[in-house]
Ligand SMILES: [Co+2]
Ligand SMILES: [Co+2]
Ligand SMILES: [Co+2]
Ligand SMILES: [Co+2]
Ligand SMILES: [Co+2]
Ligand SMILES: [Co+2]
Ligand SMILES: [Co+2]
Ligand SMILES: [Co+2]
């Protein structure tokens, strides 16, 4: 037991009238929502990197956090893990997520780095034996070290491709060993700084083959979790290949992987790509590739990824509504890929940022569930397309331009617009959030 | 002969030292560039809509242009065509483009509207017999009339789908009759204002089937031109389905149309989607779907489509460099989907906006060609990937994670970063523009 | 009594559990909030232009609305006024706003146009005698007609300056005659399309003198209302002079008008300028120039002014919190400068868009008031600056660099950062919204 | 002499046909432009921070550069200075700029830090005795260290205010000692992360008083250079107080400093604030506060400050045109606040990035000068406002609304729009770039 969170007791559900900051007002793991426990809907995860590894830097500022576990040794890494599991217990969190680089010190060679990883994976595995917190997903950090500056799978240097492939093998092994329910790939350096030195065709071939190898390895080792790609349009690169859900879908189709890989969608990345979060979720669901979510918002007045904890119930309700419509999570969950503001120095800030975010998500989930149960929104949506139920209309979808042209002439078709009722639907929505 | 352009003689190439505004300084149709006439590289087209039909409105302002042909009669439409061909002759333009709604008056019914269209198509056809200007592409306006307010192919109302299909048949017929080299679809209303009343899955099915019917009809009538989709992310809709090149590619793959349909890429739309123009061009080329371009810029400080004439040689050179690398246009060309600023009231403005834009494109093409001939940029690009030529490296692309992992360990691979030399390549570039 | 709203009864407060769409759930004019009636806090206004004059056009589409009063005659204008007052009564709205161009037909000359205006002002004045709805503000439309395409006060053509000055005189007269509580200037064309043809210095001089004449005329006629400028960064112009609150403040200081003119802040315009709504409100309050608000949101994924009805309680609560902190409105109010989506064709849409928006504002106001009464947020804010209460610290503000430097050395000052507690304050906030 | 640039000879002007990368093609310090040496127009400066101190980090990646002088000792700082002066000599650069934190190691206390600074200032001063490179400006880094995380002058903690004031005193002393021609303040942390914990009024008072003290100290020590504020809208903060030129002007007016302080305008910051670079320059010139420039571009598809070397002659020509129109630089100059891309690892990259940027600026300057000498653009601009020369029109600027209204009626004024000729002016422009 470290003393980092000294004096902070586990957070309990105390209801909306709770007086303490250290209470869940809305999140109650056992509350039933649409016939399922709230915890089993939301499947919250803490992100190891932002919560325990990020030092508070930004492009114009250095470290603001001073954590006792900051350092390069295995002992530091073990203390970090100790603190992590203490946070999981305080929050009652069912899941966590990690990159290899978050949990282990870098070594002088690949072999040493991998040995460090496996040592810490063992340590975490032991901690998990007495913890209720499971692994939602693991992933490899293929973007921070200078060797990845020009990409990982898409690097012009085949040695970096090799290093990356070997690293992903290690991380998939580690994820499988810890019972992870998904394996995620985020290609922060899979993109370019300038087209002038970039061969898009070669890099796409490299990326396609790399992902295929990941899928093959999954089957080889019998990993049952889902493989997920996390789209992001840009930052750190000028332009990234996994721009958004639609782009990833086209990539999967191109390489025949659309039934093997799904997406992990982050609100902040959706915004940066010019979409709303609910757009990306609804699109992924309609394409059959909705996997999991990173629940961290962007600031709408900032042009970069601010990775803030969610704070808007109406916005998040839109997201859970799409997730519930799609049937809810299977292997996926709600990962807080969210970092404290760099001025939020105290251990209490770390705990309460999660508490507030979980309450926002709980309210949003309940609102979305109530609206779905209410049913009026779905009735209104279906009614708008009801004309397509008529056989002569449905038949047009298996017809041809000539025949439809003839029908328009023959029947004197002249369509009359009908109200889209957007504001009325927004009013309906607002009764629930 | 109308008197709209009275006193404006045909524009001739007079070289960089020309003193008149009414001269081409750089555009010389017969100048040979990379073994081909400049005109045959650039394949310029005038857009009927912006040049002859747009009244100068904006969201906060009414009509500023007062053209003698503005009106709703066939006589007005004929005068508009007369003026159009006068502009083509003044510019010596090899191509034009049109929507149905640009060239004909709307009728009271589909049949009357179609009859109007065919009457004007005949009239234009006659004019083309004595003109050297050909049709680059035709298209249907499925976005301006209120019947399309909720979409055309993706409308919840099947009657609008029918109307749209019948209209596209007419427009493909008209395009074929006029010898058009392409047929374009821009889905300005194929998208949504709010997800609350939208069924993404149904609308995608409608859009996929609609496009398939277009392809089937092309083959049925023996149209030899290319079918092109013009991507745009948003505006007029909150969100459009043909967001960008990558999205269109995924859509084509989904419906098995990737060998039947290409893209018409507009600079302004690329910008709105968060890409550079050259990105969209290079991506389309690498995916094998580069068709044609709309050469009109956006203002970088405006969040909407300003459709301005191009004015930056370095930027446009980037575009033509990608086009030349991809082998140049086949059926495609350079369409000025550009409108005068609404304060540019005079006939001279219309002529000189095209003249200036053509000169910018000519300079850009020559710069791009010179750089390509120079060869150093492509040598530098290839050198960056040269490591992949080694057999043991190339073999990784048919290997697996286990084997590569073993190799990294065995060989102690530890990649050392090499400079990407971006600024040096930018310097090289700047020697040519 | 027209039959436009036939069958729609006045909207009443029925509480959150109301079952009808046609009810206020949260807006209750007589409910006391911080010791004042809710209606007197919010001071809602209907905007004549969007609600009655806008035909549903957008840059790519024509008219979608078909209103019986659309036309160019005085009879049309009277019918429009009749319908307007019917909406005011249905909503129980305390205020409305108008431009001259919304309420009167354009004439063939200035004199005829002004006569039309005064005829309709008389008609509206008569209607107001039997209505409880008052005029929040009047304004002149100096942007839609082609004569204003290059500006009004800042036009290079002095005749347009003259026309604009004469028009503002008429509109101030009309506003005064109707008992308006403010007079607003929005400079949609006071800006430029290109710097190449623009003289910033001259145009600033023209604008400064114009605004001074407005202030002088206000005093001359004894108008007691406030003069307000509505900032907007761009659109319709490429760049507008009244970019945002800070820019307007600098302009007022430059021409010595900072005690004569305040601002009317619109959420959508704040967003377009890269600010949050609450930023602009807080800044205006701190500068002493907060006047009134236009309560219409932008879509965060659109780069233009969407002028939508508000739908987010948490966002709007931030706005009212700043307004309440600043002491609430005096002459100002909450104007819905919001338009229906162009697919919302029905009279019911127009009514219910306002109803939903008013409920959102009512919830937001109550949340903001509760948080202000709670007091903890203001206590936290003040505590953060408490160090400045120490005399030796406060004294630094009247000291100099040398003395402070000496103090730092002498006392060995070495400041230790303290947590900014952002997430905890966001949690506190979320208990109220 | 270090060996960092071993083998790189001083760069000489060799003309456009030079074959080596290591040559100026367009920059020729002694070439006369508008009667002044090119070097005296452009007044180039190297920025110490990006060129020598930045390690290549970004928000998702660590250090990529491995410079022999990276370290925390005075010896490291001296080696850094040695390398810096070697670069200045290779480039023949007339100026450099620095922050305190770039040139000296941080100490354990203020006193130790200041002693370090002064030691290095002495060292640099000695180097300057044998160098032709002068100091364009100095500045204090009040944003990187964690003590500044909540602001410097605007910090809620008065101790940080004190530390900042003492630091600025040191830096002004250092700048004066080294003969600096300006002193710059960039307020990267003078802003906020959230309004919830921010008191805008207090922070503005602190900022106003701080700047006044800077001005007072300048006069006290007899520093003859200009005091400059560098505006930036956001990043690192969510929102910064010195948002843009207009905002800074309002701030200066508020505190009576508009004749004491000018602005240092950066292209990238102009873009982030929603302006063009030339807008900010033209506005500052028209307000009389144009001081100096940071010549580093943003990527138009990135929402953050990319600080790239300039590469577009037409864009930069717009900037120099405004500077020349305003009379050129007095104390100001062209500082490359530009960093290499983090993949540009080699010493050659650092040299050639500057060489290419200087050539771009030289071409742009010559183009702008030629256009200004040509005169047609200024003639066209003036002609557009020529109507104001008529006495009866000019008189309106000292008239009132009533009188102008009477004139409009009496004379039947009805203005007829005239073309703004934007495209023709763009064509004219393009003859020169
Ligand atoms: Co993120
Ligand atoms: Co994420
Ligand atoms: Co466009
Ligand atoms: Co286009
Ligand atoms: Co607006
Ligand atoms: Co407004
Ligand atoms: Co910068
Ligand atoms: Co700078």
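For all residues, glycine too, the Cβ spot is worked out from N, Cα and C.
Please treat TrEMBL annotations as automatic predictions, because they have not gone through curation.
Per TrEMBL, the feature active site maps to B:99, B:102. The feature Mg(2+) 1 binding site is assigned by TrEMBL to B:230, B:266, B:294, B:337. The feature Mg(2+) 2 binding site is assigned by TrEMBL to B:266, B:269, B:305, B:307.
The Mg(2+) 2 site, placed at the center of the C-beta atoms of B:266, B:269, B:305, B:307, has further neighbours from the same chain whose C-beta lies within 8 angstroms: B:232, B:267, B:268, B:272, B:294, B:296, B:298, B:306, B:337. Excluding B:230, B:266, B:294, B:337 themselves, the residues of that chain whose CB lies within 8 A of the CB mean position for the Mg(2+) 1 site are, in sequence, B:186, B:232, B:264, B:265, B:267, B:268, B:269, B:293, B:296, B:335. Proximity of the recorded positions B:99, B:102, B:230 to ligand 3, judged by a Cβ distance under 6 angstroms to any of its atoms, singles out none of them. A separation of roughly 7 Å, to the nearest angstrom, links the Cα atoms of residue B:337 (Mg(2+) 1 binding site) and residue B:307 (Mg(2+) 2 binding site). A simple way to gauge crowding: the CB of residue B:294 (Mg(2+) 1 binding site) has 24 other CB atoms within 10 angstroms, across all the protein chains here. Straight-line distance linking the Cα atoms of residue B:102 (active site) and residue B:307 (Mg(2+) 2 binding site), rounded to a whole number, equals 17 Å. Each of the recorded positions B:99, B:269 was scored by the number of other CB atoms within 10 A of its CB, and the lowest score belongs to B:99.
Checking the recorded positions B:99, B:102, B:305, B:307 against ligand 4, not one has its Cβ under 6 Å from it. Looking only at other Cβ atoms within 10 Å, the busiest spot among the recorded positions B:102, B:230, B:266, B:337 turns out to be B:266. For the pair residue B:99 (active site) and residue B:305 (Mg(2+) 2 binding site), the Cα-Cα distance reads 18 Å. Within the same chain, residues at least six positions away from residue B:307 (Mg(2+) 2 binding site) with a Cβ under 8 Å of its Cβ are B:50, B:268, B:296, B:298, B:337, B:338, B:339. Comparing residue B:230 (Mg(2+) 1 binding site) with residue B:305 (Mg(2+) 2 binding site), their Cα atoms are 14 Å apart once rounded.
Counting every protein chain shown, 25 other Cβ atoms lie within 10 Å of the Cβ of residue B:305 (Mg(2+) 2 binding site). Each residue contributes its Cα atom, and for residue B:294 (Mg(2+) 1 binding site) and residue B:305 (Mg(2+) 2 binding site) these two points are 12 Å apart. A straight line from the CA of residue B:266 (Mg(2+) 1 binding site) to the CA of residue B:305 (Mg(2+) 2 binding site) spans 10 Å.
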